[in-house]
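As recorded in TrEMBL, the features of this protein are as follows:
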{"type": "ACT_SITE", "residues": "LYS200", "note": "active site, proton donor"}
{"type": "BINDING", "residues": "LEU7, GLY8, TYR9, GLY10, THR11, VAL12, GLY13, SER14", "note": "NADP(+) binding site"}
{"type": "BINDING", "residues": "LYS100", "note": "NADPH binding site"}
{"type": "BINDING", "residues": "GLU185", "note": "L-homoserine binding site"}
{"type": "DOMAIN", "residues": "8-124", "note": "domain 'Aspartate/homoserine dehydrogenase NAD-binding'"}
{"type": "DOMAIN", "residues": "132-310", "note": "domain 'Homoserine dehydrogenase catalytic'"}
Amino acid sequence: MAKVAVLGYGTVGSGVVEVLDTNAAEVEKSAGEKIELKYILDLRDFPGDKHESQVVHDINVILDDPEVDVICETMGGIEPAFTFEKQALSKGKSVCTSNKELVAAHGPELVELAKANGVSYLFEASVGGGIPVLRSLNDSLKHEKIDSITGILNGTTNYILTKMDKEGIGFETVLKQAQEKGYAERNPEADVEGYDACRKIAILSSLMSGKHVDYEDIYTEGISKINIQDFEYARSLNMAIKLLAMCKRNENGFFTIVAPFLIPYENPLANVNGVFNAINVHGNMLGDVMFYGKGAGKNATASAVVADVIDMVKHKGKHIEVNMKAEKATLSPKDNAVRHFFVRVSAELEDQAREIFGSNLDVVKRNSIPNEFAFITDSISEKDFEEKLWKMDSVKGYIRLY
Ligand code: HSE
């Protein structure tokens, strides 16, 4: 019998307990032994809760109990989660977590600490909620040289963009609706400005590179500047607008970016709607493989945490290798990335745009949007694009093409 402690009895933590209860037989079959919840750490008491008697308020009760093999950290945030995880690993307990902030900031260090102590550190639920993408990278795809990972990694922004596109509702209104429905946080900045997706692609990029991709080095743009008219243009181009997080291998190392992109309808990522996430992985031998599913939500995320618990119980006394080292990965600058850009300017700036961006621009016309000149540039580097943009008197907006 293996004993587990859950740190944090919030949405994900209570979900983990629910999965362990509801699927106890399946969990036991999969792990090869019974898995028992011994403690729940939380500041609060939970009178009347089925697991009320297992709630403790002092982490040392858990750390000092030699019976506890596995700890699920579902508190979120950097501290005290970071300290608790380090203490647990140092005491020879395996740790799994859904905490993307912590994994993006300190994942490689925690993996190395787990290795030094002969235990494991897994974090499947930190990216893509219930989608088993990290385990696949770490296992089924381990023999592949991964060339690129491109994902829709944030459910909130995908919900907002889908609503704007399908129902023609403006960003602010959809955001308010999403907050009312509980799909968006009261402070939506981390989602809408792309920071959440940035942390998730940092974790995926670290696994892809085997080193540490620092999320602070990733160029990140959110969706708050996208408006309804952008979708009108997008539809006329047979394209969707999605917040993509990507990492590509190139001759200099890796290039990563988070930004809204126009994607042709024939690309499966263009058809990922609502709160769903999808991750396309390209392996040098395998080609494309795509993972799709719920990127958030109590049960889906908890299911991924329990998958880690099972893995760690099956490998009790061993370290499960995770391809991530504390050494920093070399990221190539955004400037060199080459692509087409969709640009909108006022009609009176057409001549200036043609002069600056070239005369054979691909003009995009929407009669419903008067007094505007919209076009797609040639394939140019980010640096070149930025320089040209600066030369324009003003620009209404631009979106990268995938
Ligand atoms: N805010 C995140 C999202 C939750 O919308 O995807 C899951 O990490």
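Cβ atoms here come from the backbone N, Cα and C positions, even for glycine.
Proximity of THR11 (NADP(+) binding site) to non-local residues of its own chain (separation of 6 or more, Cβ distance below 8 Å) is seen for LYS298, THR301, given in sequence order.
In this view, the densest Cβ surroundings among the recorded positions LYS100, LYS200 belong to LYS200, judged by other Cβ atoms lying within 10 Å. Recorded residues SER14 (NADP(+) binding site) and LYS200 (active site, proton donor) have their alpha carbons 23 Å apart, per Cα-Cα distance. Contacts of VAL12 (NADP(+) binding site) defined by a Cβ separation under 8 A and a same-chain sequence distance of 6+ are given as THR74, GLY76, SER98, ALA125, LYS298, THR301, ALA302, VAL305, in order along the sequence. Following the DSSP three-state reduction, the secondary structure of GLU185 (L-homoserine binding site) is coil. Contacts of GLY8 (NADP(+) binding site) defined by a Cβ separation under 8 A and a same-chain sequence distance of 6+ are given as LEU41, ASP42, GLU73, THR74, MET75, GLY76, in order along the sequence.
In this view, LEU7 (NADP(+) binding site) is surrounded by 24 other Cβ atoms within 10 Å of its Cβ, with every protein chain counted. Under the DSSP three-state reduction, GLY10 (NADP(+) binding site) is assigned to coil, being neither helix nor strand.
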